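Undergrad: Feature table excerpt (TrEMBL):
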type     : residues : note
COMPBIAS : 1-25     : compositional bias 'Basic residues'
COMPBIAS : 374-383  : compositional bias 'Basic residues'
DOMAIN   : 31-146   : domain 'PHD-type'
DOMAIN   : 161-209  : domain 'RING-type'
REGION   : 1-30     : region 'Disordered'
REGION   : 337-383  : region 'Disordered'
Amino acid sequence: MKTIKEKKKERLRLRKSARTRKVTQRKPPSGPVCRLCLREPGDPEKLGEFLQKDNLSVHYFCLILSSKLPQRGQSNRGFHGFLPEDIKKEAARASRKICFVCKKKGAAINCQKDHCIRNFHLPCGQERGCLSQFFGEYKSFCGKHRPTQNIQQGNVGEESCVLCCEDLSQASVENIQSPCCSQAIYHRKCIQKYAHTSAKHFFKCPQCNNREEFPQEMLRMGIHIPDRDAAWELEPGAFSELYQRYQHCDAPICLYEQGRDSFQDEGRWRLILCATCGSHGTHRDCSSLRSNSKKWECEECSPSASAIDYRLEKSNDIPCCSSTFYPQEHFCRDTSLEENPGPSWTDWPGPSLVEKPESSGGRKNRSWQSKGVKITKRCKKSK
């Protein structure tokens, strides 16, 4: 017969093993897996981009968060400056570390709290409330030592997420409170999706548009803010409307026999666009312009109403330059602009991947500054 104490220990052992099985039970991988966490590609918002090269696969976040992985190469070498030989060495080191969540080897991330010996895989840590910071030394913490916020439980029960309008999670690690709007609480996954979409230059408080305190607090609480253009700027044809040229005569009375939407390349019936806004046009004769005139301003853009008056006398028509929205059919695609667009933001020299905030231990000192986000990169201290 087992004593009461032995039965209690047996129940605790079974309960603990059940929790472990819940985390570790997963399907065998059907494709390439990350060398540092032994998981398949997964969600890019949680694990980052899945990088593959020369039979070596790794999650981007696993690269930058691994505790002993240096970034010794240039941005065009290896994986964003992380060399394959260094990745293999880090994987060999991690093979001797046991994850405190799934109890398996290969844990490349350790808690940065002093005297804490917990190691974990990145996906396992996310399942158990661990937190990783994507700035400075790129520290990671277990659920016991992670940064916290003072969120009142009463607010969690009464409020809903500002972004998705659904009830907040009862688990405090799944919620984040705004530092500038104290009554605003968000789901962590909603804030991460918002940061992944808006990226560094458009990330701000959804309520008060704070660009300083809000991004810094989100970084402290483990939100990854990508250093790139916003998602809507990366879509194909995002700037296609810039190649459309206005093609409509807005004079009070159009004198051209073929109508307002017709014009000639030269001469009396050449269409002259407003030199300031480009959203209004007129035939030369319709506004009594000289035959060699190439500059004209609409009433809305002219310095004064009498400076450029193209209205004919004794005309009762409505002035052309009203604050109305002109239909899209008055615009057409200017292929000459598309063939030779000239200097644009795509031609500007952008920051290299080494200069991005995403890097790991033993790295060069860099500065990551943007609108409202001023973070200085620091090398991890050797222990």
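Each residue, glycine too, has its Cβ placed from N, Cα and C.
TrEMBL does not curate its annotations; it predicts them automatically.
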Undergrad: Is it possible to list how many residues within the domain 'RING-type' (161-209) are helical, extended or coil according to DSSP?
TA: 18 helix, 7 strand, 24 coil
Undergrad: Can you check how the pLDDT averages out over the domain 'RING-type' (161-209)?
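TA: PLDDT averaged over the stretch: 91.
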Undergrad: Please work out the helix, strand and coil residue numbers for the domain 'PHD-type' (31-146) from the DSSP assignment.
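TA: Within the domain 'PHD-type' (31-146) the tally stands at 27 helix, 21 strand, 68 coil.
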